[in-house]
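Following: one structure in structure tokens, then a few remarks.
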Amino acid sequence: DTPFECPSDWSTHRQYCYKFFQQKESWDDRSEYDAERFCSEQAKGGHLVSIESDEEADFVAQLVAPNIGKSKYYVWIGLRIENKKQQCSSKWSDYSSVSYENLVRGNVKKCFALEKKQGFRKWVNIDCVEGNPFVCKFIRPR
């Protein structure tokens, strides 16, 4: 009973597979140019990356930093603020709860990205329609 391996061009960390995509997409504008939708099409259970510990944050930063173009400053992650009847709830796009936080306090834009000047370790909220590279994540099937 061999454990499932991530596809050859994906990186493995614990029970997940990760891949950094250079192309610039919006977070989720319900169009064909949409990072969350793109991730969901890459693998069953695929989403924009959720980051649930310092260790995972380090792993994702190391995946992004050597591979990102010089002119690119933000990388989408799967966190978005959703307004529901005046109550804001932050949720990862894979529906995991936000128990680990690494925010740079900013404005009230709705979608979160890793920022280059923070070494791709801190989360900043920026406009969801901006085109940015992104990281996808899915759990390895058993």
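Cβ coordinates come from backbone N, Cα and C, glycine included.
Between CYS17 and the candidates CYS6, CYS39, Swiss-Prot records a disulfide bond only with CYS6. DSSP assigns CYS128 (disulfide bond) to coil, not to a helix or a strand. Fewest Cβ neighbours within 10 Å among the disulfide-bonded residues CYS111, CYS128, CYS136: that distinction goes to CYS128. Across the domain 'C-type lectin' (13-137), the model assigns an average pLDDT of 85. A gap of 16 Å separates the Cα atoms of CYS39 (disulfide bond) and CYS128 (disulfide bond).
Most Cβ neighbours within 10 Å among the disulfide-bonded residues CYS17, CYS39: this distinction goes to CYS39.
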